[in-house]
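Take a look at the structure set out below.
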Amino acid sequence: MKLRFTKMQGAGNDFVVLDATREPLTLSPAQYRYLADRRFGVGADQVLIVGASDEPGIDFTYRIVNADGSEVEQCGNGARCFVRYVREAGLTKKSAIRVRTAGGVIEPRWLVDGRVTVDMGAPVFEPARVPFDAAGLQPRELNGFALWPLDAADRTVEAAVVSMGNPHAVMNVAQFGSGGVDEAPVAELGPLVERHTRFPQRVNAGFLQVLSDTHVKLRVYERGAGETLACGTGACAAVVAGIRLGWLRAGTPVDVDTRGGELTIEWAGRSDAPVWMTGPAESVYVGEIDLPEQGD
C-alpha cells in the first residue's frame, strides 16, 4: 500500500501528517506503529490525520495517533502543524480555522510571522472529568488548588491534575531536589505516573521548573510516546497549574522552555477562559512509503 505523507515538527515534537480530506483513511494500530517507527518506518512522536468536515462551522477534523498505535484526544504542537499543513496543501486560505478533535473544538490561527497560535479551550479541573480517581486521597492545598499525592515506586510525589482535552499530571521538580528539570527523574517516574492506576486513561506526566512568574522549563513524558522534545498541551497544563497554585502570573504570556524550543502560553486565570498557545510549526519533507498490509 503506497501512502503519501508529510513530515512536520513543532518545537521538536515531530509528526507524520496524512491527508484524508479526499477519501477516508483506515489503518490498523500496527500500521500506525510502523509509520512512527524510527528504524523501520518514517519516525514520529504521533501520526496526525487531516479530515474533511460536514459539520456546520467546522472546517476540518483532526485525529491524533501515538507512536504506540493508541489514539488520543488532543495534541497542541500537532495542532500548529495541522494549520501549516492545510494552508500549504491549499486546503484553505483562511488564517483562522475551527477544527474538531476527539477532545473538542480548537481554533488555530496563522500569524504573519509564520508561527501559529491556538485557542486550546478552557482547562478542566474536576478530577472525574480529567479523568482522575481521587477517592480516599487527601490533597495538600496551595493557593486554594489541590496537589494530589501519588505513590510511585518507593516515593510519594505531589501532582496538580488538569485536562486540556487530554489528562495531565504536573509535578514541580523542586520536590525532587535542587537539580532543576534537567536532573529530574523523568525516565524513572514518567512511565510510573503515566500508567498510575488513579488515571484510567493513563496520563501525560509533566515535570515543571519555575524560573520566574512568567518563565518556566518543562519536560513531559507523554502517554504512548515517552518523553518528547515538547508537548503543547503539557505546556498549557503546566502554566494553568502554575497560575492556580500561585507560582505564575495570570493574564500575561508565560514562556515555556522545552528541549525542542520555546512555547508561549497565556491564560486569564478564570475557569471558563481559554488557554492560548503560540509556537512554531515547520514542514520537514514530503514522501511516500510502501506501508505493509498488516492488521492488529
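Every residue, even glycine, has its Cβ placed from backbone N, Cα and C.
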Residue from Asn172, Asn204 that Swiss-Prot also lists as binding substrate with Asn13, Gln46, Asn66, Gly76, Asn77, Asn166, Glu222, Arg223, Gly232, Thr233:
Asn204
How far is it from Asn66 (substrate binding site) to Cys75 (active site, proton donor), counting Cα to Cα, in Å?
10
Candidates Asn13, Cys75, Arg223, namely the recorded positions, that fall within 10 Å of Cys231 (active site, proton acceptor) by Cα distance:
Asn13, Cys75
With Cβ-Cβ distance below 8 Å and at least 6 positions apart along the chain, what are the contacts of Thr233 (substrate binding site)? List them in sequence order.
Gln74, Cys75, Gly76, Met120, Met164, Gly165, Asn166, His168, Asn204
Considering all pairs of residues in Asn13, Gln46, Asn66, Gly76, Asn77, Asn166, Asn204, Glu222, Arg223, Gly232, Thr233, annotated in the record as contacting substrate, what is the maximal C-alpha distance expressed in whole angstrom?
17
Cβ-Cβ distance under 8 Å to Arg223 (substrate binding site), same chain, at least six residues away:
Asn66, Ser70, Val72, Asn166, Pro167, Glu194, Gln201, Arg202, Val203, Asn204
Starting from each candidate's C-beta and looking 10 angstroms out, tell me which of the binding-site residues Asn13, Asn66, Asn77, Asn204 has the most other C-beta atoms.
Asn77
